[in-house]
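All remarks here apply to the structure that follows.
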Amino acid sequence: MADKRDYYEVLGVSKQASPDEIKRAYRKKAKQYHPDINKEPGAEEKFKEVQEAYEVLSDPNKKATYDRFGHAAFEQGAGNGGAGGFGGFGFEDVDLGDIFGSFFGGGGRSRQRNNGPRRGDDHLMGLNIEFMEAVHGVKKDIKVTYDAPCSHCNGTGAKNPNDVQTCSRCGGRGTIQQQQRSPFGTFVSETTCPDCNGTGKVVRNKCPHCHGKGYETKTVTVELDIPAGINSNQRLRVSGKGGRGSNGGPNGDLYVEIQVKPHEHFQREGRNIHITVPVSNVDATLGCEVDVPTVHGDVTVKIPAGTQSGAILRLKGKGVKDLRGSTYGDEMVRIEVKIPTKLSMEERELYTKLSKLSKKKESPFDIFKRKFKK
């Protein structure tokens with residue numbers, strides 16, 4: 001108890017934080033302390049602490065219980081009598097509609113919530129990959145920390161199979177009935193059995209490996225197959241590596257959110273790739289052939305004579321593969337005509353001759369000015 005930090009402090013939020021604020025804080029902290037990202041000593045323990053805090057604060061019922069009773073509400077055997085006087089009767093276990101019905105009917109029965117198998121929460125982690133890895137696809141090894149059934153007791157929590165017995169208090173039902181009297185009548189409530197915590201089973205001798213929890217925390221390396229064409233903010237699912245299930249329910253899933261690093265020369269827009277290619281004013285005027293880089297290798301492209309700066313040439317099928325199909329986008333090549341800033345004596349003489357030839361006909365600027373005079 002004394003070793004546990006306040007869950008709100010763990011996530012760095014106030015008690016008045018909204019569910020969205022709690023979720024955002026969890027994602028930030030989980031990314032900060034994930035053992036695949038943070039190699040500092042103690043990061044893995046902090047990561048587990050963050051997961052535990054989120055598991056409680058993201059569930060409205062668990063959060064309300066925690067706000068009232070703190071960590072004691074989630075300790076083994078919690079709620080069995082004590083100074084609070086609830087004697088195992090938790091208001092979150094009661095159907096209030098049935099209670100109010102009993103007030104006016106003189107008697108009744110409240111129903112306990114479904115204590116059957118419950119699937120664990122899904123978890124989220126981020127992964128940065130290179131631009132070309134996103135284009136062509138890649139396999140990445142990631143470290144995943146999750147709770148798995150104890151390998152020594154197969155999830156029973158018992159030292160030996162014979163140590164698992166039917167709960168004598170609830171007869172294996174997982175619930176007990178309590179009769180409550182009020183000025184409006186008497187009603188019977190059905191609540192989670194405090195001896196077996198709703199499982200219907202009790203363990204006589206606990207497993208020494210997991211200390212009766214039935215699970216162990218594992219960190220494993222998972223090979224993530226990232227498909228060609230993936231883009232930033234898209235997610236891949238790793239089955240069964242999320243939050244721990246309860247009452248025999250399966251684990252949730254782990255979702256890996258991809259972030260693609262920018263490229264020095266290529267820009268991506270959907271399935272199309274954009275690149276700017278510089279050519280000299282002479283090559284743009286006379287036309288030429290250039291080897292243009294693409295994400296699939298160089299391609300020889302013919303630059304037509306008279307190509308203007310800003311012109312776009314389309315290279316069909318040289319873009320990114322469709323994530324859900326076999327087609328490819330295009331590469332859009334933007335031509336940037338470069339004007340020389342320094343000339344040799346020979347070049348200057350040639351440009352001077354060219355200037356004299358140009359004066360024999362109407363220049364582009366003369367045409368531009370004439371249009372304004374109309």
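The backbone N, Cα and C atoms fix where each Cβ goes, glycine too.
TrEMBL lists 6-70 with the feature domain 'J'. Helix, strand and coil counts from DSSP across the domain 'J' (6-70) read 46 helix, 0 strand, 19 coil.
Sequence annotations record features per position, and here TrEMBL assigns zinc finger to 137-219.
Per TrEMBL, domain 'CR-type' is recorded for 137-219.
If you draw a 10 Å sphere around the CB of CYS150 (Zn(2+) 1 binding site), it holds 20 other CB atoms from the protein chains shown. Taken from TrEMBL, the feature Zn(2+) 1 binding site covers CYS150, CYS153, CYS207, CYS210.
Residues or ranges marked as repeat 'CXXCXGXG motif' by TrEMBL: 150-157 (among others). Averaged across the repeat 'CXXCXGXG motif' (150-157), the predicted model reaches a pLDDT of 87.
All chains included, 22 other C-beta atoms sit within 10 angstroms of the C-beta of CYS196 (Zn(2+) 2 binding site). DSSP assigns CYS196 (Zn(2+) 2 binding site) to coil, not to a helix or a strand. Residues or ranges marked as Zn(2+) 2 binding site by TrEMBL: CYS167, CYS170, CYS193, CYS196.
What TrEMBL lists as repeat 'CXXCXGXG motif' is 167-174 (among others). Mapped onto DSSP helix, strand and coil, the repeat 'CXXCXGXG motif' (167-174) counts 0 helix, 0 strand, 8 coil.
TrEMBL lists 193-200 (among others) with the feature repeat 'CXXCXGXG motif'.
Residues or ranges marked as repeat 'CXXCXGXG motif' in TrEMBL: 207-214 (among others). Residues in the repeat 'CXXCXGXG motif' (207-214) partition by DSSP class (helix H, G, I; strand E, B; coil) as 0 helix, 0 strand, 8 coil.
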Non-site residues, in chain order, whose CB comes within 8 A of the mean position of the CB atoms of CYS150, CYS153, CYS207, CYS210 at Zn(2+) 1: SER151, HIS152, ASN154, GLY155, THR156, GLY157, ALA158, LYS206, PRO208, HIS209, HIS211, GLY212, LYS213, GLY214, TYR215, GLU216
Check: same-chain CB within 8 A of Zn(2+) 2 site center, minus CYS167, CYS170, CYS193, CYS196: SER168, ARG169, GLY171, GLY172, ARG173, GLY174, THR175, ILE176, PRO194, ASP195, ASN197, GLY198, THR199, GLY200, LYS201, VAL202
Euclidean distance between Cα atoms of CYS210 (Zn(2+) 1 binding site) and CYS170 (Zn(2+) 2 binding site), Å: 25
Per-residue Cβ crowding (10 Å cut-off), top of binding-site residues CYS153, CYS167, CYS170, CYS207, CYS210: CYS153
DSSP-derived class (H/G/I helix, E/B strand, else coil) of CYS153 (Zn(2+) 1 binding site): coil
Between CYS153 (Zn(2+) 1 binding site) and CYS196 (Zn(2+) 2 binding site): CA-CA distance (Å): 17
CYS193 (Zn(2+) 2 binding site) CB neighbourhood, other CB atoms within 10 A: 24
